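Visitor: Dumping the structure here so I can ask a few things about it.
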Amino acid sequence: KFLINYKMKYSAEQEYPDLSQHNNHMAKVLTAEMYANLRDKETPSGFTLDDVIQTGVDNPGHPFIMTVGCVAGDEETYEVFKDLMDPVIEDRHGGYKPSDKHKTDLNSENLQGGDDLDPNYVLSSRVRTGRSIRGFCLPPHCSRGERRAIENLSIESLDILDGDLKGKYYALKNMTDEEQQQLIDDHFLFDKPVSPLLLASGMARDWPDGRGIWHNDNKTFLVWVNEEDHLRVISMQKGGNMREVFTRFCTGLTKIEALFKERGHEFMWNEHLGYVLTCPSNLGTGLRAGVHVKLPNLSKHEKFGEILKRLRLQKRGTGGVDTAAVGGVFDISNADRLGFSEVELVQMVVDGINLLVDMEKRLEAGESIDDMVPEQK
Amino acid sequence: MPFGNTHNNFKLNYKVEEEYPDLSKHNNHMAKVLTKDIYAKLRDKQTPSGFTVDDVIQTGVDNPGHPFIMTVGCVAGDEESYEVFKDLLDPIISDRHGGYKATDKHKTDLNFENLKGGDDLDPNYVLSSRVRTGRSIKGFTLPPHNSRGERRAIERLSVEALTSLDGEFKGKYYPLKSMTDAEQEQLINDHFLFDKPVSPLLTCAGMARDWPDARGIWHNDNKTFLVWVNEEDHLRVISMQKGGNMREVFRRFCVGLQKIEEIFKKHNHGFMWNEHLGYILTCPSNLGTGLRGGVHVKLPKLSTHPKFDEILNRLRLQKRGTGGVDTASVGGVFDISNADRLGSSEVAQVQLVVDGVKLMVEMEKKLEKGEAIDSMIPAQK
């Protein structure tokens, strides 16, 4: 029986990555000393420090966004490598401390308002999150056997959903051309990742084996299986009724969680990190709630960036992360994930968008918005 | 990953059927060979450095096939891969290398004096001549698997060895990560610079990790002898020059390679070689000599002749576009090189190129004059 720690033949200095050109969260935190302390550790499934950081070593930085530069390979990664992960989490999530507790609230009744964002400005509303299934390794590390088991469990559970959640699963590997075209037209289809941030972490291995898309007949509730996380759950619809989107989101998620539990599988969650996902940036709620909204005047206002910041919102182009806005239409969503509950984050989006639209109307009328600029939330 | 067998053992919790890859859409050498039984037999094994069968086949699982070329679909992570996973690799080697058997012996001949002719390929047709091979350094794992520490040690050893060369081989090393813009521009203009691999065939095998750490290019002052460090193999050695003097290119190739090998041996790091597989390289397609000797040659008429491919086949040559593997030819100029790597020596393979290109240039001249070439079609070599 082997017990070969082959890389340990080399000193820590010889193995420590060159991060001199790098600008990501991992590179800011990983000192040579920390590397030396963690390099002989592994999780029970065999995920190592080099596995955690590979994507951050291979991708020094991104021009528009501060990337995380590390991933988890399983639930235990966040524990075994806490010396690295805790400071990365703190830096990324606004000072969140190792002793902090995260609150989960998926009771949509606790949301105030949100059913009447002006559809003349708010074109669509969407809420997404991720879920990991306890007992399996995460996408950077899982084997084909694990991935297929996750897919089978997911299909079994999702098939049971009924009412307005009744739907169908489309496995990527045996999709017909018509099915594929329809999913593209519906903006549902996800494709093999092309971003080197994702590829370098190993999550595209064996594509498209074990991957697929489930959606309800109404096309308002969608689950991605085995993309960047075990599950990505998405609720969406045209117009500004974020309340309805969030209600469906919470109902659907809660049902899915119960169905998995019936089959002896729970979601990865703990009271410090909330829901455990592949990327440390998605810990906590894993929730991104957003709208596509027309803000041609406001987006050119010199205080636009500052206003978003104070509202704890972020902007993206309508192609998602990494894209530019087209025709004054922006994707505006919550910036936070950890340390706030789902209800709190969606509330920020609802209140913030209402304010931004009012500001847009003011600017259209040629009036100033100086008295409307909010305090830091 | 080289950390004991924790991860591989973890996967054994799943049955063979659950872990065996879906190869139904695949068309590469690995997919043709890897049955469920072979997978079942090999999946609990690993090399001393921890390379597993899933590591070997990952690139072939991720890349079902290529429209123009039959890809290999697997790589070695270390010298021992070829032994530990012989049940998979031997049939692939046989399929890829013209029936080469597990008991066959490979002959190495780097004595350029044994080449006949080759100094006078017509420069009106032959624009340039080039010979390349790869070498792996014993005691280190290969690019799909090696750690930063190993890669840097390989770089250090290589730079030591190369900077001690003199005479026509005197030169300089340019590490990728600290190259100046001016140096980079010059290397691009000289057609020397290699960049981070973009082909998924390579990236899926893990050989681009930590780029550009410990990668670099060494070349002699004359710009006729060039070594790539830590790209797809530990070393890629290239001899090249304009025109048709393949003999001179091959002489420099052999002399330079042997000087380099001596220096590595002195440091107790010879090249990976054995009498069955010859030189051990990352891709099974490069075993044996690892040698590709070729020319850029103008064959606008011959290349459109219906028998062009058949002629190449019989001459044991292959064609590529002038951008290298995967590219199309431009302006009737082709890259023509030996098709074989294993089972024949370096001298024999370069001889095939010299003789074959000579014949094809004569055919081209005949076709230019409007004459037939039917009587010139060679027998199968």
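Every residue gets a Cβ built from N, Cα and C, even glycine.
Because TrEMBL annotations are produced automatically, they should be read as predictions rather than curated entries.
So TrEMBL lists the following for this protein:
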- A:124-128, A:H187, A:R232, A:288-292, A:316-321: ATP binding site (BINDING)
- A:92-106: compositional bias 'Basic and acidic residues' (COMPBIAS)
- A:7-94: domain 'Phosphagen kinase N-terminal' (DOMAIN)
- A:121-363: domain 'Phosphagen kinase C-terminal' (DOMAIN)
- A:92-119: region 'Disordered' (REGION)
Visitor: Quick check on the compositional bias 'Basic and acidic residues' (A:92-106): DSSP residue counts for helix, strand, coil, in that order please.
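Guide: Its residues divide into 1 helix, 0 strand, 14 coil.
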Visitor: Calculate the per-residue pLDDT averaged over the domain 'Phosphagen kinase N-terminal' (A:7-94) and state the result as an integer.
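Guide: So the average pLDDT across the domain 'Phosphagen kinase N-terminal' (A:7-94) works out to 95.
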Visitor: DSSP three-state call for A:G290 (ATP binding site): helix, strand or coil?
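Guide: Assignment for A:G290 (ATP binding site) reads strand.
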Visitor: Sorted by position, what residues of the same chain at least six away from A:S124 (ATP binding site) have a C-beta under 8 A from it?
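Guide: A:S124 (ATP binding site) has long-range Cβ partners A:M236, A:Q237, A:K238, A:G239, A:V291, A:H292.
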